[in-house]
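Asker: Here it is: the structure, laid out below.
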Amino acid sequence: MLPRTAISNLFHFTRFHATSLCLRNHSTSFPVQTVTNITTGRPYSSSSSSSRPHERYNGYKPPRLKPKNRTIYNTFIARVLDEGRLNKALALFREMEYNLLTRPDVATYTLILAHLGRIGRMDKAKKMFNRMLANKLCPDVYVFTTLIDGYMRAGDSDGTERTFRDMAKHKVKPNAVMYNVMIYHSTRLFDMATAIKYFREMISAGIKPDVWSFSMMVNGFAKHKDMDGGWRMHQEMVRQGIDPNTVAVTTLMHMHLKAKDHDGVMTLYEEFFVPKDEGQGEGREQGIARPQE
């Protein structure tokens with residue numbers, strides 16, 4: 001029986017010659033030592049090891065490259081907010097505050113305020129708004145529209161009125177988008193009297209209602225089962241030269257259908273959805289005559 005040292009020497013001699021034979025037979029593609037990630041326990045592939053040399057050492061990853069300007073930061077914040085990752089967006093926001101070259105602007109605050117309003121965190125939105133004022137940024141009409149949208153989603157009429165007073169304090173005038181937001185939420189949460197009040201305020205402020213203003217009013221009257229009010233709003237829209245869109249027409253059709261007025265439904269369908277020959281399409285420009293009940 002061979003001693004233990006002789007067996008060890010024989011083993012190492014055999015291993016050396018086997019390795020030499022492998023190198024001679026595969027001189028162009030000899031085996032490479034596999035690098036193992038101690039975190040996952042899995043070996044790295046040769047392609048990933050060559051293209052990403054930093055992963056050769058204990059699973060080390062390079063630090064994340066920070067955005068270089070404010071526009072890229074805002075793009076990242078909008079993307080993570082669309083994914084519902086508010087904490088990540090706030091982390092990016094704090095990075096912007098610490099960097100003197102990429103301080104948050106009004107667009108940054110508007111993105112975060114809009115998301116906070118959608119998820120019902122108006123308490124945090126109010127703090128964010130005060131933070132913007134503390135940083136000496138002047139809010140624009142879109143910031144106030146975002147706040148009003150959030151307050152009206154939550155049914156907070158006091159917050160809405162307070163935002164209106166803040167607008168007057170900062171000398172910001174409302175636009176059609178803001179009034180459309182208030183009309184929409186009024187028809188959805190409150191009553192038509194509130195929606196009519198905002199609609200009249202819109203006209204008295206010198207802002208011309210657009211097709212969406214009229215469509216939301218028609219839809220509001222339909223929700224409250226007021227067919228006469230819906231038709232009056234439709235006729236006013238036609239009188240002002242605004243071509244009704246699909247929302248307004250389908251809402252009127254639904255109103256007639258609920259009232260079991262099938263002739264009115266067919267009249268609206270033929271006027272708006274059936275192609276007409278030349279010389280017979282004057283009815284659309286002149287409005288629709290209300291069907292006889």
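Note: Cβ is positioned from N, Cα and C throughout, glycine not excepted.
Since the structure is predicted, the reported quantities are computational estimates derived from the model, not experimental observations.
Pulled from TrEMBL, these are the listed features:
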- 41-66: region 'Disordered' (REGION)
- 105-139: repeat 'PPR' (REPEAT)
- 140-174: repeat 'PPR' (REPEAT)
- 175-209: repeat 'PPR' (REPEAT)
- 210-244: repeat 'PPR' (REPEAT)
Asker: If we skip the immediate neighbours and take only residues 6+ beyond the ends of the repeat 'PPR' (105-139), which ones have a Cβ under 8 Å from one of its Cβ atoms?
Answerer: 70, 73-74, 77-78, 81, 86, 89-90, 93, 96, 146-147, 149-151, 153-154, 156, 159, 166, 170, 172
Asker: Given the model, what does the mean pLDDT over the repeat 'PPR' (175-209) come out as?
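Answerer: A mean pLDDT of 88 is what the predicted model shows over the repeat 'PPR' (175-209).
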